Amino acid sequence: MAYRRKSAFKRAIDEDDVDIIRKLLSYKPIDLNKPGSKNRTILCRAVSMKSHKVAEFLLSNGSKMSACKVPPLIISVRNKDLTMAKILVSYGASVDVCYKGETPLLTAIKTGYIEIIDYLLSLEPSGPYPGHDMIYDKLTLESCSLLIKNNIRLDIPDRYGHTALYYAVKKGNLSLIKLLVENKAITDNIERIKILRRCIVTHYNIEVLKILSLDRDILGTEGTTALHYAVEAERLEAVRYLLDIGCDPKVLDEHSVSPLYYAIKRKNKIILDELIKFYTVEFMVNMDKRTLPLAMYYCSIDELKNLMHGIKDIALSEDYLSELLYESIKTNNPEIVSLILGLGANINKRDLYGNIPLQTAIIYQTDNVFNLLLQKGADVNAKNSDGNTILHTLAACCKYKKIKLVLDLGSDINSVNTNGRTPIEEACPCKKTIRTLISHLIIMIKKNKELIKDPLVIRSVSFINGIEYYKNIMLQCENELNELINQKLVRGYSLFDFVIEKDYNVIARFVNHPKLKVLKQTANVYKELADKNIGMSLTRYTLLERAVLTTEPYLHMLPLEIRSIICCFLSNNELEKL
């Protein structure tokens, strides 16, 4: 019997038959607010089945909307049932009722039923909150217009930090974007950045950008601007458009760099040409300070000269010049390094890491620049923050050819660093490196006997004697030099003097001496030094002989000896030009 009565109730509700409901209730009254098997009240079923008459009857006879698990007004909106919604509101349904973060207005927006949205908005709801984060991507132009018309805020970020404008940009809905932009439906600077990144970087759309540009506040965010993103993403069309509408290319982002910096970093010559006309070297030196150092590394010499046009008329700080120099060293381009040195950069100034330019050239293996720095007069005895000279660095890196070069330029082999260690002590155990260092030390001692009394020399010799392999090299050097000292070319002048001689006019006198052949055959440790001076003696002698003969028609009135003396004052290059 109870089952039949229950079935009759369901049929009456489904058929919206109030008379049957009334008869059933008069026969045996029941609790209208008691949930059924599916945890739903009779009113819930009536609302779900769009039974308007039954729902109104139930409400007038004590059914409470609060007894329903899901608010009836939300159910009616889900069903797009405007009539039911009006009935429920007439019996006190709250337009701001919320179920699991969902309000009637939010539900209406999700369904896209404009008539219900319009009706609910006429009831002055507080908004589609708290579940607004579920509807931004469901907005249509019509629903958005209604919300804006009724002053419903669309600039509150959802749980992902996005606003309605972001989702409109994501879908590429130009009409909706325009509506939101015109009504300032935008939030903080972070949201602006997300929107710009989406329409320029990740999902490029120039039409969206053009609409966003209607609100210049969106393009000119605090720090990173639309132009920064366009340049960084290499969107040439966007760059040209933004420049045409007057976007300021001199704005610095949160990293204190301008769009020009990113154009250089991307090596995009076309965009670089579009931007460069807006910049002056004064701006780059005083404001956009990271751009020129970057340009040292990425630009060609011609592009760099174009960027730096007029820089000589600007007073540059020593630190800034030093930064430019260190960046130019990394390029291994002597022309660029020469350009910076020509501006007055200190060739021996330490960088932020305490290194000197010569050491930076070794670190970055820029051999051409290393040689240029030496030619420009870099101090081979300058020390870094650890007290290491370039000789310490070269010895540790086994650069034996460069070791010979800096030793010839006067690098101090006995210099100590902050740890009290000399280049020989810091040297990597490489045969050629150790041999180069020890042979130089021994030849210094042979040239000047007083050096053996120097504490630093004593320290170096003591260190060498402490390692058998080093000691053997030292003994080999001493024996070879002693043999050279005993071989006299003339009275008071030995083969040793010939090997260490720097005056080419002197060694030219011995070009045909028979003992030079002996020197060439017997030299071992000092073979390179001996061969160099033997070759130079022949070269110098040949040039002098030819010069004397060449000048005879012009200086025939002078004795041969005088002409020879005059020619001796000329360098080899000058003699070759005669």
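Positions of Cβ are set from backbone N, Cα and C atoms, glycine also.
Features reported for this protein in Swiss-Prot:
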- 4-34: repeat 'ANK 1' (REPEAT)
- 38-67: repeat 'ANK 2' (REPEAT)
- 68-97: repeat 'ANK 3' (REPEAT)
- 100-129: repeat 'ANK 4' (REPEAT)
- 160-189: repeat 'ANK 5' (REPEAT)
- 222-251: repeat 'ANK 6' (REPEAT)
- 255-287: repeat 'ANK 7' (REPEAT)
- 320-349: repeat 'ANK 8' (REPEAT)
- 353-382: repeat 'ANK 9' (REPEAT)
- 386-415: repeat 'ANK 10' (REPEAT)
- 419-449: repeat 'ANK 11' (REPEAT)
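Each residue in the repeat 'ANK 8' (320-349) gets a DSSP state, and the totals come to 18 helix, 0 strand, 12 coil.
Note on the repeat 'ANK 9' (353-382): residues 325-326, 328-334, 337-338, 341, 347, 388-391, 393-394, 397, 399, 402, 405-406, 409-412, 415 of its chain, located 6 or more positions outside it, place their CB under 8 angstroms from a CB of the stretch. In the repeat 'ANK 10' (386-415), the DSSP tally of helix, strand and coil residues is 16 helix, 0 strand, 14 coil. For the repeat 'ANK 3' (68-97), the DSSP counts in helix, strand and coil order read 16 helix, 0 strand, 14 coil.
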